[in-house]
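Chemist: I am attaching a structure below and will ask some questions about it afterwards.
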2 protein chains.
Amino acid sequence: MATVIDGRQLATELNQATAKRTAKLATRGITPGIVVILVGDDPASLIYTRNKHRRAEKMGIRSVLEKLPADVDQATVMAAIDRYNQDDTIDAILVQEPLPAHLDGLAITNAIRPDKDIDGLHPINLGKLYANQPGHYPVACTPRGVMTILRHYNVELAGKNATLVGRSILVGKPLAAMLDNANATTTVVNRYTPNLSKVTRQADILVVAAGSPHLITREDVKPGAVVIDVGINRLPSGKLTGDVDFNDVRDIASLITPVPGGVGPMTIASLMAQTVDLAEWRQHGQE
Amino acid sequence: MATVIDGRQLATELNQATAKRTAKLATRGITPGIVVILVGDDPASLIYTRNKHRRAEKMGIRSVLEKLPADVDQATVMAAIDRYNQDDTIDAILVQEPLPAHLDGLAITNAIRPDKDIDGLHPINLGKLYANQPGHYPVACTPRGVMTILRHYNVELAGKNATLVGRSILVGKPLAAMLDNANATTTVVNRYTPNLSKVTRQADILVVAAGSPHLITREDVKPGAVVIDVGINRLPSGKLTGDVDFNDVRDIASLITPVPGGVGPMTIASLMAQTVDLAEWRQHGQE
């Protein structure tokens, strides 16, 4: 029977550590600041943004919400990015996905100052991660949270087969880079992979971020594998569930994340921790 | 018996196409320019640099050699980079590896203007490739040459298992990104991988760039696989050989590159082609 990863407990511990860091910064008169740019009225995005806001304020991070109408034009969004790029009270800029289709999301991402790029999506930050460059740069928060989980549970990575189902730029790709940097043998599958099960059954560490409820069942998992489920899917019943059939898989995995309560809480906690990182790195750069 | 890839013939064709492009640019008064910055007197680097120079001049590309002494300091190298960054007659900047250990190679790479970064090593170019961003940006020339070979021989990539032995930033990593972008299921192995043979035997496309002569023998290759050998090793006899034991593997592969005469000629031909790309893209940007 697998050990079930307690993402909420880990997130609580990380949040406490982050709050201590902001308290220490406060003694020097520094308040880390994050702006969330939200375009339109997508209800899920609104809830998610409000949660981030509350969480940030709770731990001594100033949180600004820049709400733009659904029909905002590209130039207005770019001007907002530029304003926060130059705003010294803002350390982290987050553009809430999804953006309306009429906006050029790539141009928006590429316009964010790399040292305020809290999602690690700017190509220069992606490239540094990919090249395993030393030094300080932000990375995507979900993969960062997953790596914290793996470290916390002492999961050996060097020489292990790490397989990622999903290759989004927010999860699969940066996590593949992090696992490769940690010397795992890393495989990235995609929707063209003909025999998914054959590939996933070889994984010592299986990360699933496909956005497909219960895509992975026990037949797809190597006995003793570490299973990390990044999927968050809402079933017709309203219940949240992952990309992994948790009840089916939990007795053959060695370690598994539940949904909810696994990767999710660590994503937002990692976002807060990295906001403080960005503030400290910028501060350090200015001293 | 495998079809043996004729890298020299393919390179000749690509060079002819490149020469036609420079001739066309010449009618508009434009001469693509490349500078090779060579630090020290490494004999192999000197030969390689001279070969590049001759090849470039032959096809209508202006080639500048900036030779710096082995004990040059960091500031002098950075000043040279800065000068060529601003020099409008130079479209491509190549810093010849290896650099002496006292120099900070990463700082030098990161200082090259991304739109003159002929090796595709600047993190912003790496990141764009990794994110599969559209638009024009340079990529590493050896992987570019390998992709040209695979396309020329109509190798199907989507849904195929592509495995890379080696994860350097000049070959393995960017090629993994290109193969993933072409929808292959991509695995990157490294020196921590415990059972290399078990992994490589699953590859439909096996790329070897480990710098280890005859690392791969027939036991490591799936029958019918496409085998791309990026290794160039000099044996004690003086003979060049690859990372793949060509004679041992050729009768079970479906398609295989020889060494020499496989990937090598395509690397330099791709370098020339991309120099002309850079000139055209910069020209386009200025019009």
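A Cβ is built for glycine as well, from the same backbone N, Cα and C atoms used for every other residue.
Heads up, TrEMBL stuff is auto-annotated, nobody curated it.
Among the features that TrEMBL reports, domain 'Tetrahydrofolate dehydrogenase/cyclohydrolase catalytic' is placed at B:5-119. The domain 'Tetrahydrofolate dehydrogenase/cyclohydrolase NAD(P)-binding' feature in TrEMBL is assigned to B:140-281. What TrEMBL lists as NADP(+) binding site is B:GLY166, B:ARG167, B:SER168, B:ILE232.
Let's see these features in context: how buried, what's close, how far.
Modeler: Counting residues of the domain 'Tetrahydrofolate dehydrogenase/cyclohydrolase catalytic' (B:5-119) by DSSP class, helix then strand then coil, yields 59 helix, 19 strand, 37 coil.
Per DSSP, the domain 'Tetrahydrofolate dehydrogenase/cyclohydrolase NAD(P)-binding' (B:140-281) is made up of 53 helix, 26 strand, 63 coil.
Around B:GLY166 (NADP(+) binding site), a 10 Å sphere centred on its CB holds 24 further CB atoms from the protein chains shown.
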Chemist: Measure from the Cβ of B:ILE232 (NADP(+) binding site) and count the other Cβ atoms within 10 Å, all protein chains considered.
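Modeler: So the number of other Cβ atoms within 10 Å of B:ILE232 (NADP(+) binding site) is 18.
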Chemist: For B:ARG167 (NADP(+) binding site), which residues of its chain lie six or more apart in sequence with Cβ-Cβ distance below 8 Å?
Modeler: B:LYS173, B:ALA176, B:VAL188, B:VAL189, B:ASN190
Chemist: List every residue in the same chain as B:SER168 (NADP(+) binding site), at least 6 positions away in sequence, whose Cβ is under 8 Å from its Cβ.
Modeler: B:ALA209
Chemist: Average the pLDDT scores across the domain 'Tetrahydrofolate dehydrogenase/cyclohydrolase catalytic' (B:5-119) and report the rounded value.
Modeler: 96
Chemist: Let me make sure I understand the span of the NADP(+) site: among B:GLY166, B:ARG167, B:SER168, B:ILE232, what is the greatest distance between any two Cα atoms, in Å?
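Modeler: So the binding residues stretch over 16 Å, Cα to Cα.
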Chemist: Taking CB atoms only, which of the binding-site residues B:GLY166, B:SER168, B:ILE232 fall under 8 A from chain A?
Modeler: none
